[in-house]
Amino acid sequence: MLRIPVRKALVGLSKSPKGCVRTTATAASNLIEVFVDGQSVMVEPGTTVLQACEKVGMQIPRFCYHERLSVAGNCRMCLVEIEKAPKVVAACAMPVMKGWNILTNSEKSKKAREGVMELLLANHPLDCPICDQGGECDLQDQSMMFGNDRSRFLEGKRAVEDKNIGPLVKTIMTRCIQCTRCIRFASEIAGVDDLGTTGRGNDMQVGTYIEKMFMSELSGNIIDICPVGALTSKPYAFTARPWETRKTESIDVMDAVGSNIVVSTRTGEVMRILPRMHEDINEEWISDKTRFAYDGLKRQRLTEPMVRNEKGLLTYTSWEDALSRVAGMLQSFQGKDVAAIAGGLVDAEALVALKDLLNRVDSDTLCTEEVFPTAGAGTDLRSNYLLNTTIAGVEEADVVLLVGTNPRFEAPLFNARIRKSWLHNDLKVALIGSPVDLTYTYDHLGDSPKILQDIASGSHPFSQVLKEAKKPMVVLGSSALQRNDGAAILAAFSSIAQKIRMTSGVTGDWKVMNILHRIASQVAALDLGYKPGVEAIRKNPPRLLFLLGADGGCITRQDLPKDCFIIYQGHHGDVGAPIADVILPGAAYTEKSATYVNTEGRAQQTKVAVTPPGLAREDWKIIRALSEIAGVTLPYDTLDQVRNRLEEVSPNLVRYDDIEGANYFQQANELSKLVNQQLLADPLVPPQLTIKDFYMTDSISRASQTMAKCVKAVTEGAQAVEEPSIC
């Protein structure tokens, strides 16, 4: 795959990396003066006319231009007049020159836009009443603002056959205006060259040439950037209008990136999920699982408490009965006879409440499903388990070493950042692990974990590359630590990071060592002192086990005593609920105000978008009620009080949208030398090798029919998925 040459002057494609500050004197000396409707503005050389206009607050209409994509200049809607110039110019593609006076609202500019709009509408169908883009359509808005008030077109309009590009994106290509935003997104951001144009003139069409599924984990973003109704959401088709929905700003929990989202709801139901801008995390993109798995929120839900009767069947009961049974068992067992496992979608408030409850019955056996080595520094030092360079920090790096991970499917937005830096900043990438398609070229160093020791000792050729790097990153996937030699892998990895800091030109504030987590709850659980992995429970099986959203299948009935009493608290009847003796229905992430900490250690909040179904309640409230009935009342009654408790245990958990610097790398490396360094010969194989492994990874996405359709389409082809006959 060839790298795309990029004009460095374009905003969005060449933003200065975070932390890099240009001196004021140098910048000021390079500025040139131009005028926008007579108003003076100082801009850098190479700035386009459109960017200069935006700098003074003048909005120029556009369809093909997008801040994060290369310039195409297809639509011509941004035509403006330059004083004394013979013709109007395309503002998105024309760099300004000193002394230019740009006339955005002159008669010449208006006539040019009206002409362009008339040509765009000549073949555009009058579908607005049935188009899902209605109400948020750029063509609607701009035709009202900049178009003519009458039509001169009397001939027939062209018709284009719709394309089937999978179960997520609905295509009505007669509406397409050939802006090529989707093509540029696929090629530049997603790194998948599936979309392109065929034909020319009136016969030009956008599609996949050979009809096939648009195979990308970021494919849904072409819906957002399409300025018309040519590309819309299949699951959302004909369900709601944008002005009918209530929008709630929230956080995604489908992975550990913590993408910012907007949850659109109507009549107590999630209608769709859209991205929300956050430059340091997801920019303005989200993954397909984040966007489309929401239908899993209304399927296989636990809506009422359940208990197992004398026949061994789970039956519905009241909250009073369920909590009384659990409280009675809590009063019967103490200490090591009580244990808990937290799942991947649990919020920090529920984690601290469960921790306090078990501590009050003299138990500290609190585990997570995900394993993380505790030998050496383990989880005692926060820098040992965070993505310390930060997600946005990838854009500053010059070398990235990926170990035992497939970031394309484990953390799609992190992978998109790597691709962005590879494309624009000549980033060099290397991989230790199974060869996978990462949407960018990389040096495959092998799949043996022993390569880590070779790099650490300096005997591997890539050691020299890391030594010469100014801002290197080494990224270890948490999936590589699930192995029996996870501690040795982490020790070797830590040794590489520390050696780079000592021998290369790394500055003091640059972080080299990074752990890429896969699940949303892991960092908060480690911050609160949970033990990673369930080995402690397997060695000393408890008499009472509390499963808090634990649906990873990390423990079964066979691992526990026959008389072990199991409580499951969660929102889906997935893996954990069927083995439980009592089920307490909890709330999903769209139904509660909760705290999650992403892989870089950034605390963020979800907000209540809809109420929990049936009798389900927020997790921390259930645990608080249980503690009162059990006679070990927890000292908080409100959400604010729970968060005060969070602050007592780990202050960073309530410093929202902030990253606390972690600086104990040298100490962690010294402690790692005490670890058994024996590595296994087994190759490093990430669990999500292909896109088929990406779609269904947790209880919500496994309950989603849309995600099931995606798996079927990938396996059998897009034609295998039957879609309802709709317009």
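Note: Cβ is positioned from N, Cα and C throughout, glycine not excepted.
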Residue in Cys137, Cys226 which Swiss-Prot records at the [4Fe-4S] cluster 2 site where Cys176, Cys179, Cys182 also bind: Cys226
Cys64, Cys75, Cys78 bind [2Fe-2S] cluster per Swiss-Prot; candidate in Cys92, Cys128 listed for that same site: Cys92
Spatially closest candidate among Cys78, Lys84, Cys92, Lys467, Lys709, the listed recorded positions, to Cys128 ([4Fe-4S] cluster 1 binding site) (Cα to Cα): Cys78
Surrounding CB atoms that lie within 10 Å of the CB of Cys75 ([2Fe-2S] cluster binding site), all protein chains: 25
Recorded positions near Cys75 ([2Fe-2S] cluster binding site), in sequence order, restricted to Lys84, His124, Cys131, Cys176, Cys182, Lys467 and a 10 Å Cα cut-off: none
Cβ-based neighbourhood (8 Å from the centroid) of the [4Fe-4S] cluster 1 site, residues His124, Cys128, Cys131, Cys137 excluded: Pro125, Leu126, Asp127, Gln133, Gly134, Leu139, Gln140, Arg175, Val228, Gly229
Mapped DSSP class for Lys84 (N6-acetyllysine), helix or strand or coil: coil
Fewest other Cβ within 10 angstroms of its own Cβ, chosen from the modified residues Lys84, Lys499: Lys84
Least Cβ-crowded entry, counting other Cβ within 10 Å, from the binding-site residues listed as Cys131, Cys176, Cys179, Cys182, Cys226: Cys131
Alpha-carbon spacing, Cys226 ([4Fe-4S] cluster 2 binding site) to Cys64 ([2Fe-2S] cluster binding site), which is rounded to whole Å: 9
Residue, out of the binding-site residues Cys64, Cys78, Cys92, Cys128, Cys137, whose Cβ gathers the largest set of other Cβ atoms within 10 Å: Cys78
